[in-house]
């Protein structure tokens, strides 16, 4: 059935221009359907695109127009988000469920159409309703128009998509988390949909991802973390990497033997096959904070780098394993991200030195009483439900309309307000370890409420945001993803942000441009950007349980003074919520 489906579903590429020529149109058809997959002795029904896990790679050249027809054959509504694509003046195609559009109903179709402008590198796409992105995802590759890279041209590029294998129904998982149940865990990490040979059931060993290489050649590994819960360490035994890009932007080349990638991030690394021809294991390993934070199982997957000239049995020798950090040691992630800088080139945008609006956002957790109670026993009792917060506000998603529609129509009443708090209600020691586990002090600091509070900006405003992770209830890192924008990551640090001390650390010369900003565990991150893309843009943590719990808001960017700086009307293929 899947084979016949793939034969009838044409993934067409129309008028794709030759390198250096005119921009073309890249067209795909995504058929979203159910598929049974057996892992660890159990068969699970999952949702996939075109019979593939991960889904098809969208491969375009800078300047192309992308057209994707999505056919929904599953019993749930869904949208497709083009993670990291700027969507300049095409906010209607962003694909954020109930933010820019209502979901595509079962049995219906929708077309996404947008241009890829001034971006080169690795992004990705994924479902953006409930937990469906676990299996509905794929790489989105943007190649330079002139065919030239600011690093040695690889012989091949390979997506390395890190994910997780869930046996639990993903819609049920979403429902359970919204009800405050966070005891469910995936069974394994995956590399390109494969669990790897460290997983087995009744002696049946799971299949591993295999990367075949030729000695002396270089490979561009496009490492993407699609997981729900964890940052991942990625290593290949006997090999080193040169990090050259992240989130669709070039980086100053940085040599390392390990990559750390948080949920939502895409990291480009060059790997030269310069080891003695043999077989070498690759490992992805999830990290997590140590106790007293709540603990999760060890998520790991093992793949293989196989030299084509090597003996099939590796000359009878054991296959080398990379030495991985302790999973409870999160500092390698901090140092990896802190060592990255942007590559200066003629098209690299300059950091805004003047700031019009400053925002200070505390990322934390809070509790509210269940049901309609006004008072209840707090501190993780059965009377409360835990929520993720930004400045003590937990975001409430609309489920019958889309925020962009209401903004465009000028009818926000009863749906959202524009009073998102730009600073926390009270200052405190945000990274005090005594706040873990919860006690009486948290009850004073974390009063929380649910609301749909947005922030409005005028066009061409220079914005600075300090994201501060807190230790309220636990000490997670927070990968914050802003739709529609790349932001300058000026600095990251540990502890509570202190402006007098920490502003001296800001990198104004060659900061990274990122769409997903990892705010360190017990630390902070400072970003700046110019509001030059009108529309409704979702800001949220990319840990699935954090977004479901409410660590989100949306930014409204007003129109500029000209049609070229304004949000156009919905395109003909756009389906309004009342017509979905």
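In case you wondered, yes, glycine gets a Cβ from its N, Cα and C as well.
Long-range Cβ neighbours of residue 81 (Cu cation 1 binding site) (same chain, at least 6 residues apart, Cβ-Cβ under 8 Å): 94, 95, 96, 125, 126, 127, 128, 483. The Cu cation 1 binding site annotation in Swiss-Prot covers 81, 481.
Feature annotation from Swiss-Prot assigns Cu cation 2 binding site to 83, 126, 542; the stated evidence is similarity to another entry. Counting only same-chain residues at least 6 apart in sequence, those with a Cβ under 8 Å from the Cβ of residue 83 (Cu cation 2 binding site) are 123, 124, 125, 126, 140, 264, 481, 515.
Per Swiss-Prot, the feature Cu cation 3 binding site maps to 128, 483, 540; the stated evidence is similarity to another entry. A sphere of 10 angstroms centred on the C-beta of residue 540 (Cu cation 3 binding site) encloses 25 other C-beta atoms. Following the DSSP three-state reduction, the secondary structure of residue 540 (Cu cation 3 binding site) is strand.
In the three-state DSSP assignment, the secondary structure recorded for residue 546 (Cu cation 4 binding site) is helix. Residues or ranges marked as Cu cation 4 binding site in Swiss-Prot: 478, 541, 546, 551.
According to Swiss-Prot, the feature domain 'Plastocyanin-like 1' maps to 31-147.
Annotation comment: Swiss-Prot describes 156-310 as domain 'Plastocyanin-like 2'.
Taking H, G and I as helix, E and B as strand and the rest as coil, DSSP gives the domain 'Plastocyanin-like 3' (419-561) the counts 22 helix, 57 strand, 64 coil. The feature domain 'Plastocyanin-like 3' is assigned by Swiss-Prot to 419-561.
The feature N-linked glycosylation site is assigned by Swiss-Prot to 36 (among others), with sequence analysis given as support. In three-state terms derived from DSSP, residue 36 (N-linked glycosylation site) belongs to an extended strand segment. Within 10 Å of the C-beta of residue 36 (N-linked glycosylation site) we count 8 further C-beta atoms, all protein chains included.
Other Cβ atoms within 10 Å of the Cβ of residue 42 (N-linked glycosylation site), summed over all protein chains shown, number 10. Summarising the annotation, Swiss-Prot assigns N-linked glycosylation site to 42 (among others) and lists sequence analysis as the type of evidence.
Positions annotated as N-linked glycosylation site by Swiss-Prot, on the basis of sequence analysis: 115 (among others). In the three-state DSSP reading, residue 115 (N-linked glycosylation site) counts as strand.
Residues or ranges marked as N-linked glycosylation site in Swiss-Prot: 200 (among others). For the recorded site, residue 200 (N-linked glycosylation site), the DSSP three-state label reads strand.
Around the Cβ of residue 339 (N-linked glycosylation site), 13 further Cβ atoms fall within 10 Å across all displayed protein chains. Mapped onto three states, the DSSP output places residue 339 (N-linked glycosylation site) in coil. For 339 (among others), the entry in Swiss-Prot reads N-linked glycosylation site, with the evidence type sequence analysis.
For 392 (among others), the entry in Swiss-Prot reads N-linked glycosylation site, with the evidence type sequence analysis. Residues near residue 392 (N-linked glycosylation site) in space but far in sequence (CB under 8 A, at least 6 apart, same chain), listed by position: 362, 364, 366, 421, 424, 425, 446, 447, 448, 449.
As annotated by Swiss-Prot, N-linked glycosylation site applies to 429 (among others). Around the Cβ of residue 429 (N-linked glycosylation site), a 10 Å sphere holds 13 further Cβ atoms from the protein chains shown.
Note on residue 460 (N-linked glycosylation site): other Cβ atoms within 10 Å of its Cβ, all shown chains, come to 15. Here Swiss-Prot flags 460 (among others) as N-linked glycosylation site.
Beyond its flanks by at least six residues, the region 'Disordered' (560-580) meets 77, 89, 91-93, 101-105, 108, 110-113, 400-402, 405, 408, 459-460, 532, 534-535 of its own chain at Cβ-Cβ distances under 8 Å. If you look up Swiss-Prot, you'll see 560-580 marked as region 'Disordered'.
The Cα atom of residue 460 (N-linked glycosylation site) lies nearest to that of 115, taking the recorded positions 42, 115, 542, 546 as the candidates. For the recorded positions given as 115, 200, 478, the lowest number of other CB atoms within 10 Å of the residue's CB is seen at 200. The Cβ of residue 546 (Cu cation 4 binding site) lies under 8 Å from the Cβ of 388, 476, 478, 540, each of which sits 6+ residues away along the same chain.
Nearest by CA distance to residue 200 (N-linked glycosylation site), out of the recorded positions 42, 115, 339, 429, 541, is 42. Of all the binding-site residues listed here (483, 542), it is 542 whose C-beta has the fewest other C-beta atoms within 10 angstroms. Distance from the CA of residue 42 (N-linked glycosylation site) to the CA of residue 551 (Cu cation 4 binding site) is 34 Å. For residue 115 (N-linked glycosylation site), the nearest neighbour among the recorded positions 36, 42, 429, 542, judged by Cα separation, is 542.
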